[in-house]
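K.L.:
Provided herewith is a single structure, encoded as structure tokens, for subsequent inquiry.
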């Protein structure tokens, strides 16, 4: 029996090797979700967590997929039968061993011999036992064992082929179906009406496309064939049991419902908890995306710690749901093993009776029945992780399929609707009432009636929030009116084909969206079939041709993410060219020249005047001088058209228009202060500006293209980045330096593409050290679980040994004792399995939360230039937070449990095996390297697949990210189908989904270890008691790190005393905003110094410095929370009372507007403030700056987005706020800075003249020229 026992022990040890363990794929995946959940949605998810049936997950399978799944399923089915088939051989082998053992025992008596396969006495008489049976002999062990060996080899070869095909076919068909789901989901999202996007966060839609669909993949890929295989083993195991002995099999089957019931309950609980966990992660992901998209605002207001806590508060919820889930899984595992071992005890006790008392079973049949049923029960238990994956997949599929099945209210892909043969161009609103779907309680348009006649220019004027821009969106049919209708030439536009309708319309907005491609391609978006000559013509008409030809790559220049490489004015002119190349019947101009400098505005206005001829044109403008020549001017107030007429007629009526004109004239609205020049939309040019540098065909480099795309966080996030805190660069000297540098370095310092060595496990564990009590308890549980199998093997061999005992009473005593030991093992298993599952589950959840928070804090700690690198786009960083942290959990927690479990099991098995038969043990050991090598080979293969997949998915991810972020622009250009096609092309790469924990850890640790170039520490650097606010720039030279070839500041020297106002003026890209960024220490100068109260800026404590500075920029960033919380964001060092908030609000002339809202100060502003008009957002930003009580105030085009009435009141508020503070102003409206103590005129990165308004006018230099002629400063 010793040889059998040694063999048994070795097999036990081999079966415990980690390579053979089923891995629970991606139980934790990162940030997920569709939109921030409200209470109703949580309840709905709880109620409908499993409302997607399992087979519905395969709804996108083609007949080919079904065939592959059927063949793969059959392979799994046959593969599952292999183990029970081995048992038949094993049963025969056991009978052979027992017969041989009995023969040896009998032949120890010298008076007995073997004659004709029967034991006889020497005298020839047959030996009879007490029960009158004879003893068989003459067992040919060698021949028998050779035959059994052939059987095993045959089964082994079959298993090799079957297992390959089952996995390959299922993984392939899952990849194909997931690709279809991704495409279908993205296509459906792209055809949703704009109102749907108002209610669904873009950041969370992106995470849904990746993470939630990954969960569906886990549920329909190899987990299914593994499940089929295990269920097959379960069924065939019982069949083998019935063949061997039906009574014993039935007794064991009676216990099975206990397992099935528990498995069902666990699946339900896990699905419900997974749904809640996904919601919490979705909210955390949305916070991360919002914060990283607005990093300059967060840094300017010192909100890093507050944001880290806001992020962490969502992680805590996810962690708690995760711990509950792990607890339930741990309980189920403990319960399962307890039942299995109790089942063993019952089976052996009853089986031994059938062998000894009734002789219905042979020892081999008992083993066959016992192992058959045991194998069946074990495989049923091992199928439970698959059930968990299925439950998670079904929960994730709910929201995905709900979106896919939702019928859009306005379907842009629909072929329905009329296409008019001849379009005249009359647009009429008939008693239109409208409110945004996301804020149904606030009426935007109220019984609006208006007519824009064909071929005429109709101008809309009125205060901020009166419904002017909303009207334009209804004409484009982004929304349908609640009541009334909009007609084109008398036809309700709801009855017209939507793509055809939008093809008639050209639109130029105040904040135009450009796509991450070349200038020529951006203009070609206006009309796909356009020739290069048409593009050049449109560029000339839009006054863009000259600046384009100054660029090294001319029309092939990459514009950067969201147009980030271009200054505001350059973007505006490209957008105008895009609209003109469309040759539209209807032209919509929403503040179309607002971002242009004086000279450009005049030329572009002239181009637009030409373009308007013969077209229906609707123009919105706050600068009334630009629309006084319109055929018809319509005055808006409270969502109604309250007056209509020409300029002179409306002045005579003395209504809304008269009031606005009067206010504007009082402000000295002279020709010299045309709208702001393009630059400080440089704000936009800024950091991104050089993000991409000079790659002439960057679009052909998928890695770079990917990272650029990922920067399109949200339609509004690019547009509402603050100017003053960005550097704006003139991009006439794109250099090839960066491209060369990249080529030499292969990838930027933090680029993910770098070949990253896997992180040492010890370091990963160090981050888990505060959970050492849980890890210790879990390891104890795992060690006990690991030793259970060897203990069980000893008990098993003891039972086989009892069948060779001649004394029946001794036999029974031993069997009873062994059964009692099985019961003890069952009870211990319950606690040890629960302990292992719960302890490692909890430590893993705590680790994931800790790593996410640490990672997020590490990101917020980096200097601003780090975010300029396309590799560190908000989309890429959010994904990294979500996936890397949860993958690292895969290298600790349950993996450690598995390792401890396996090592204990192998160690104990070896000791026992060597003890009983060292020779046989050595023979079996020879096969272990093969098993180990197969595990290593498998891991290498899977990591390779994972890396390929990551690249493919990230490239596709940028397409979806850019598309969803800029959905309004895409809808306006009717380009939804094109983006769907691009996305589908990117998905063609092979797709697999396997974790690569140590590589993820290495990426993550690289982020944690990176030392920021500008230290954000609260303790490092100088601070002083009385901050005066004296600022001095001394010979500052600066280039942006991402474009070292372009000199932005070139010897900037200027100073301002405490309490004085310094105004920077100059053309786009001259370095005005960049100088402000040096003051905020977003960057440090390459040469020269910035002095604050005589202290060198790079020595000053960064949080201290920023706490003294308040900023109001042209396009303020607001956060997706309430109005009160946005105002209170101004000072994150203390708790601000509501009284103080209201006081600041009153100073910013915001209070009256807020108290008229249903939720007053608790009104949610929407993502990036999307629920508010520009003027309303600007006033919140001013209140935010006022509440900070800063010593230094930075105003970057702070009143540019306001209507005339608001501008007057806000300008008064700003003048009041400036009192007693050092103030730096950037403005194109020269009337707003004439009272400044110092006006510094900048050109090409240096101050060319400075003085007061009067002094500079007397000099008759650059400033004088700018004031009198509006010519650009060169």
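Using N, Cα and C of the backbone, Cβ positions are placed for all residues, glycine too.
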K.L.:
According to TrEMBL, which stretch among 896-916, 959-979, 980-1000 corresponds to the feature transmembrane segment?
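P.N.:
It is 896-916 that TrEMBL describes as transmembrane segment.
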K.L.:
With pairs restricted to those 6 or more apart in sequence, evaluate whether the transmembrane segment (327-349) and the transmembrane segment (815-840) have 3+ C-beta pairs under 8 Å.
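P.N.:
Yes, the stretches contact each other.
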K.L.:
Excluding the flanking five residues on each side, which residues at least 6 beyond the ends of the transmembrane segment (148-172) place their CB within less than 8 Å of a CB in that stretch?
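P.N.:
Distant contacts of the transmembrane segment (148-172): 68-69, 71-73, 75-76, 78-79, 82, 85-86, 89, 92-93, 221-222, 224-225, 228-229, 992.
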K.L.:
Excluding the flanking five residues on each side, which residues at least 6 beyond the ends of the transmembrane segment (815-840) place their CB within less than 8 Å of a CB in that stretch?
P.N.:
326-327, 329-331, 333-342, 344-346, 348-349, 352, 774-775, 777-778, 780-782, 784-785, 788, 791-792, 795, 798-799, 802, 892-894, 896-897, 901
K.L.:
Are there residues at least six beyond either end of the transmembrane segment (250-271) with Cβ under 8 Å to its Cβ atoms? List them, or say none.
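P.N.:
Non-local partners: 49-50, 238, 241, 325, 328-329, 332, 335-336, 339-340, 342-343, 346-347, 350, 373, 377, 380-381, 383-384, 387-388, 390-392, 394-395.
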